[in-house]
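One structure is given here, and the rest of the page talks about it.
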C-alpha cells in the first residue's frame, strides 16, 4: 500500500520534513510530478541536504527511490544534485531509479522559459516561473513532440539517430518561434551522447518497479511536489505549475491504481505563503507579512526569492481537501506564530457583499474577494522543540482544534521548529 504526502497550499509547506520522518520506516520513496523547480532542505545529524528533483527518501540508507514518469528531468541538474548529496556523505546511487517514461528538460527549454516570461512581463502578465524549463517541457509533452528518457538511453545505434532527429525538430521549432537565440545545440547534443551511458544504469520501467513493490507488500511513500493550489487544473490558473500536483498526479505520474493508496497526508503551513504572481487573498503587505517572512525564513530553496506571506486561509484548505481527500494533516512552522499577540484565520470570502459558497475559479473574482477573518489570541511563548501535544499552550491547541473542526480532518503532526526532531505526533 502507498501513503502519499501532498502540499495543501501554494507550496513550501515543509513536505520534505514529514517525508524524512516517514522514510525511517518505508521501503520505497517515489516522486510523481514536477521537476527541479521546487526544493526543500532536510537536516539529519546537523547536516543539511537540499532536494529539488530527487526523492527525499535518499536520506534513509534502506530506502529505494524512484523518479516517476510524471517528473520532467534536466539531466545535468539530476547529476549535480546527486553529486551534491554524495559530497555530504550520502551513498545513494544504487538506491536511485528513474522512469524510462519521464520526459527530458533541455537547456533550450530553460532559455525559452525565460524568453516567454520576459514577453509576458511586458504586458504585466508574468507567471513568476522559476525559469527551469518545466512549463515548456510539459508543453512539448502535451503536444506529443517531447523526448523521453528511453529515447536517450536505448543502446541501439538507430535510437541515437532518432534522438538527434527529435531533438533538432524541437530546437528548430523554438528558433522559429523566438528567433535565433544564443544557444549551442551541438554542444548540448555532445553532452547528451555521454549521458546515454551515465544515465542508463538508473533507468527502469517504473510501472513494473511500482507494481512489483506493491505485489511484494512493500511500504511505499509518494512524495508530492509543489502543492494543490499550483495544480494545472485545480490551482489558481494560469499562475500555476504545468503538472498535476494533487492526488490525480500521483496516479498518472506513477501508473498505480487508486485502490493502492491508503493514507493521504496534507501538509499545511500554520500561515500561508506563495512564490510568484497571482491572487493571494490573505496576503499581508504590512508588518505582519514582514514578521512572518523574517521569522519563518521565507526564501525559496530553488530561487532564493522572498515568499509572499499572509494569514492561514481555511477557504483554500477546504477546497484543497475536497480534491485531495486528506486522511490527516501535518501543521508545520507553528512556532513562527509564537510572538503574535493576535492571530487571524481566513474562514470565508465575500464578493460584492455576498459570501461565496466555494473557492472561485475565476481570478478576477478571487482578486476582489473580501476575506472574513476569525481572530485568535496568540500564545506569546516559545514552543520550539515541544515534543508532546499536551505540552503546547492552550491558545495554540485552540488554534489547531479550530482548524481540525473547520476542515473535518484530524491533525496528526505539528512542526515546532526547524530541526528534524521538532515534530510532535498527536494521537488521532
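Just so you know, glycine gets a Cβ as well, placed from its N, Cα and C.
Among the features that Swiss-Prot reports, active site, proton acceptor is placed at 12, with the record citing sequence analysis. Taking the Cβ of residue 12 (active site, proton acceptor) as reference, residues of its chain lying under 8 Å away and at least six apart in sequence are, in sequence order, 40, 227, 269, 273, 274, 275, 298, 300, 307.
The feature active site, proton donor is assigned by Swiss-Prot to 40. Its Cβ taken as reference, residue 40 (active site, proton donor) is surrounded by 23 other Cβ atoms within 10 Å in the chains shown.
For 11-17, 39-41, 307, 333-335, 415-417, the entry in Swiss-Prot reads GTP binding site.
Marked as Mg(2+) binding site by Swiss-Prot on the basis of sequence analysis: 12, 39.
Per Swiss-Prot, IMP binding site is recorded for 12, 13, 14, 15, 37, 38, 39, 40, 130, 144, 226, 241, 305. For residue 37 (IMP binding site), the Cβ neighbour count at a 10 Å cut-off comes to 27, with all displayed protein chains included.
Residues or ranges marked as substrate binding site by Swiss-Prot: 301, 302, 303, 304, 305, 306, 307. In the three-state DSSP assignment, the secondary structure recorded for residue 304 (substrate binding site) is coil.
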Among 11, 14, 39, 304, all listed as binding-site residues, which has the most CB atoms within 10 Å of its CB?
11
Cα within 10 Å of residue 11 (GTP binding site) - qualifying binding-site residues among 37, 130, 226, 304, 306:
226
Binding-site residues compared (41, 130, 226, 416) - the one with the fewest other Cβ atoms within 10 Å:
41
Rank the binding-site residues 17, 305, 306, 307 by the number of other Cβ atoms within 10 Å of each Cβ and report the first-ranked residue.
17
Is it possible to get the count of other C-beta atoms within 10 angstroms of the C-beta of residue 334 (GTP binding site)?
24
Is residue 40 (active site, proton donor) helix, strand or coil when read with DSSP?
strand
Select the closest residue to residue 41 (GTP binding site) from the following binding-site residues, measuring between CA atoms: 130, 304, 305, 306.
304
